[in-house]
Amino acid sequence: QLELITPFQLYFNPELIFKHFQIWRLITNYLFFGPVGFNFLFNMIFLYRYCRMLEEGSFRGRTADFVFMFLFGGLLMTLFGLFVNLVFLGQAFTIMLVYVWSRRNPYVRMNFFGLLIFQAPFLPWVLMGFSLLLGNSIIVDLLGIAVGHIYFFLEDVFPNQPGGGRLLRTPSVLKAIFDTPEDDPNYNPLPEERPGGFAWGEGQRLGG
C-alpha cells in the first residue's frame, strides 16, 4: 500500500525461484491478499478467526504440531502451484485452515451473514460458492480444500483406520524449538515462585 514494493516482486514464479534464486517468493506469495478492500478484509477476518480457534482448540499445548501443519500445507500448495496458474496462495492457505477447523468441529452450527444456517463441514464449500458469486476463481478455494483434506485425512482419519497409522510426525527439532518442556511432577517450587509469594500463614475458611 505504501508502494515500497510491488506485487511483481512477491508473486509465485517457479522460473524466477529456481533459475534466478529469488527464494523469498516461496514465502511472500502467501503474504499478499490484494489491495485493501472487501476481499482483503474478508481474508484477514477468516485467517485470524480460524487460525486462532485452531491454535486455542485442537492444537492447544501443541505449538510444534501447529507449526508443522503450516509447513506441510505450505509445501503441498507450493508443489501444486507448480502445475496450476496461481501467483498468490494466501487465500488457499486460509481455506485450508477453515477446512481443518470445520472437519474437527462437525457439530458446530454456522450462520453465514444471517442468510444461511448449516453445519461447520459445509463452510469451505459455502465460501467457495461465495467466491464464485464475487467473480473470483474457485481454483484457489479448491486448492485450499484439497490440501486441508489431505492433512485432515493423514492426521485424523487414516491413523484410526484398521491397519492405519500416523504418517505425519512433527520433527523433533520443531518440538525442541516450540514446545515447552513438561513440568517435573516432583519439582517443589521455592516460596517466591509459588502463586501469591511466601506463605505467611495457613488460611482458614471464614466462619470456621
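If you go along the chain as it appears here, the first residue is 1 and each next one adds 1.
Backbone N, Cα and C atoms are what each Cβ position is placed from, and that goes for glycine too.
Taken from TrEMBL as is:
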type	residues	note
TRANSMEM	27-48	transmembrane segment
TRANSMEM	68-101	transmembrane segment
TRANSMEM	108-127	transmembrane segment
TRANSMEM	133-154	transmembrane segment
REGION	183-208	region 'Disordered'
COMPBIAS	198-208	compositional bias 'Gly residues'
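Beyond its flanks by at least six residues, the transmembrane segment (27-48) meets 1, 7, 9-12, 74, 81, 87-91, 93-94, 97-98, 127, 134, 136 of its own chain at Cβ-Cβ distances under 8 Å. Sequence-distant contacts of the transmembrane segment (68-101) (same chain, six or more residues past either end, CB-CB distance under 8 Å): 7, 10-14, 26, 29-34, 43, 46-47, 50-51, 53-54, 57-59, 120, 123-124, 127-128, 139-141, 143-152, 155, 168, 170-171, 174. For the transmembrane segment (108-127), the list of distant contacts is 46, 95, 98-99, 101-102, 141, 144-145, 148: same-chain residues at least six beyond its ends, Cβ to Cβ under 8 Å.
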